[in-house]
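If you look up Swiss-Prot, you'll see ASP130, CYS160 marked as active site, on the strength of sequence analysis. Look at Swiss-Prot and you will find HIS258 tagged as active site, tele-phosphohistidine intermediate, backed by similarity to another entry. Look at Swiss-Prot and you will find GLU327 tagged as active site, proton donor/acceptor. The ATP binding site feature in Swiss-Prot is assigned to 47-55, 169-174, 349-352, 393-397, TYR429. Annotated beta-D-fructose 6-phosphate binding site per Swiss-Prot: ARG80, ARG104, THR132, ARG138, LYS174, ARG195, TYR199, in sequence order, evidence recorded as similarity to another entry. According to Swiss-Prot, the feature beta-D-fructose 2,6-bisphosphate binding site maps to ARG257, ASN264, GLY270, TYR338, ARG352, LYS356, TYR367, GLN393, ARG397. Per Swiss-Prot, phosphoserine is recorded for SER31, and the stated evidence type is similarity to another entry. Look at Swiss-Prot and you will find 1-249 tagged as region '6-phosphofructo-2-kinase'. If you look up Swiss-Prot, you'll see 250-469 marked as region 'Fructose-2,6-bisphosphatase'. If you look up Swiss-Prot, you'll see ARG257, ASN264, HIS392 marked as site 'Transition state stabilizer', on the strength of similarity to another entry.
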Amino acid sequence: MAAVASGQLTQNPLQKVWVPLSLHRLRRRGSTVPQFTNCPTMVILVGLRRPGKTYISRKLTRYLNWIGMPTRVFNVGQYRREAVQSYKNYEFFRHDNEEAMQIRRQCALAALQDVRTYLSSEEGQVAVFDATNTTRERRALIMQFARENGYKVLFVESICDDPAIIEENIKQVKLSSPDYKGCTPEEAVADFLQRIECYKATYEPLDEQLDSGLSYIKIFDVGVRYLANRVQGHVQSRTVYYLMNTHVTPRAIYLSRHGESQLNLKGRIGGDAGLSTRGRQYAQALAEFIRSQSIRELKVWTSHMKRTIETAEALGVPYEQWKALNEIDAGVCEEMTYEEIQERYPEEFALRDQDKYRYRYPKGESYEDLVQRLEPVIMELERQENVLVICHQAVMRCLLAYFLDKSSEELPYLRCPLHTVLKLTPVAYGCEVESIFLNVEAVNTHRERPQNVDISRPPAEALVTVPEHY
């Protein structure tokens, strides 16, 4: 191969390849997409159809996708519903029902084939295999599949014997299952309890001696106690750490941006300005709203910036400042209007529109950087009960994307208006959102992606979606 003169090539930060310098400037500019794994990982759920298993699989998938690890859930129950169109009763799950056992095995094998496609052909990094997997035989089958394909494996066993937790889970989750469509609550509960008894007949829990060579975490009573064994590698470590920081205690998380700031009025991004007159009015309205909610043991978090601190001061309660909650760093574009950015840095303005999530401001941050900065905040939010987070537009988008399972493409364009509280209530398989406008007008700071994102676009087409400002 002929030698290439120094300076003729540069490294493309998104694709991690060397490209001609002249072409590089026409490509998107951003932070590298993180590659957390040297080989794909399978997370295998284990346990009776009791609380925690599907809850864990969906919650874990949401978290791993949010931090940049492409992850997908493979729910074997869904494969079974597609194979058997009409569910009759628990008899299908009896261990002596040979025909049904064969169908269930074929469904598991079909799911494993889809896992292979996802991890080996679609650039997935983690597959969460959501099934009971209660027998040592089934787990051995999965381990053989993983070895043949070069995947790492982490088992996650959910064990729950608390009657109160089991009853609440049945009430929240199982009665809404497609299996029980058209059934009365009493019929659904009775059948589901019989189904659990069917699984109990062949259930072989992970054993500390027999399974000492496996990587696993056992979760008792949805987080009361944990037992981890041979946790290896980055993905497994982060997975276990995350699972040990979650709980199912009923709670509410309130997200609010600061009150309108002086720089918001002028259409300038970033900076550390104080509140406008209307911003101070919002701070008072927020205080009245929080008092009216009578929230038990509410914690209040802010960033280190004036506008969030001034908003929190009106509450008259202690608050905790997080530097991690500071607004995205716009680097050389701090305190500029969009019009000024287009005039001085038209190429940067276009590059950001091309890939807003990964684009990094010169000497500043990208949304991808911000997600990594906010991970400790998410961990602490998962540990807490009722929390009010007073933050900033980009920060609120990142937090909201985590709780609502939004993609990196959707995240930078989530609407987070000023003077509006979002109340998030975690439920069985997701999060309910209530938007509460507190009747104090404010400027609009939301800018949609323009249709034309080409570097050579006219200024008018670059600025067409810029909101009005003074």
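Heads up, residue numbers simply count up from 1 along the chain you see.
Backbone N, Cα and C define each Cβ position, glycine as well.
Listed in sequence order, the recorded positions near TYR199 (beta-D-fructose 6-phosphate binding site) (C-alpha within 10 Å of its C-alpha) are GLY47, out of GLY47, HIS258, ASN264.
Of the candidate recorded positions, ARG104, THR132, ASN264, GLU327, HIS392, the one lying closest to GLY270 (beta-D-fructose 2,6-bisphosphate binding site) when CA atoms are compared is GLU327. On a Cα basis, ASP130 (active site) lies 12 Å away from ARG80 (beta-D-fructose 6-phosphate binding site). Note: the Cα of GLY47 (ATP binding site) and the Cα of ARG397 (beta-D-fructose 2,6-bisphosphate binding site) are spaced 35 Å from each other. Within 10 Å of the C-beta of CYS160 (active site) we count 19 further C-beta atoms, all protein chains included. Under DSSP, ARG257 (beta-D-fructose 2,6-bisphosphate binding site) is assigned to a strand (E or B) in the three-state scheme. The recorded positions shown are ASP130, ARG257, ALA394, TYR429; of these, the one with its CA atom nearest the CA of ARG195 (beta-D-fructose 6-phosphate binding site) is ASP130. Largest Cα-Cα distance over the residues recorded as binding beta-D-fructose 2,6-bisphosphate, namely ARG257, ASN264, GLY270, TYR338, ARG352, LYS356, TYR367, GLN393, ARG397, equals 23 Å. Among the recorded positions TYR55, ARG138, HIS392, ALA394, ARG397, the ones whose Cα is located within 10 Å of the Cα of GLU327 (active site, proton donor/acceptor) are HIS392, ALA394. Cβ neighbour count for TYR55 (ATP binding site): 21 (other Cβ atoms within 10 Å of its Cβ, all protein chains included). Residue density at ALA350 (ATP binding site): 21 other Cβ atoms are found within 10 A of its Cβ, drawing on all protein chains shown. The recorded positions under consideration are THR132, ASN264. Their Cβ neighbour counts within 10 Å are lowest for THR132.
Of the candidate recorded positions, HIS258, ALA350, ALA394, ARG397, the one lying closest to ARG104 (beta-D-fructose 6-phosphate binding site) when CA atoms are compared is ARG397.
Each of the binding-site residues GLY47, GLY270 was scored by other CB atoms within 10 A of its CB, and the lowest score goes to GLY270.
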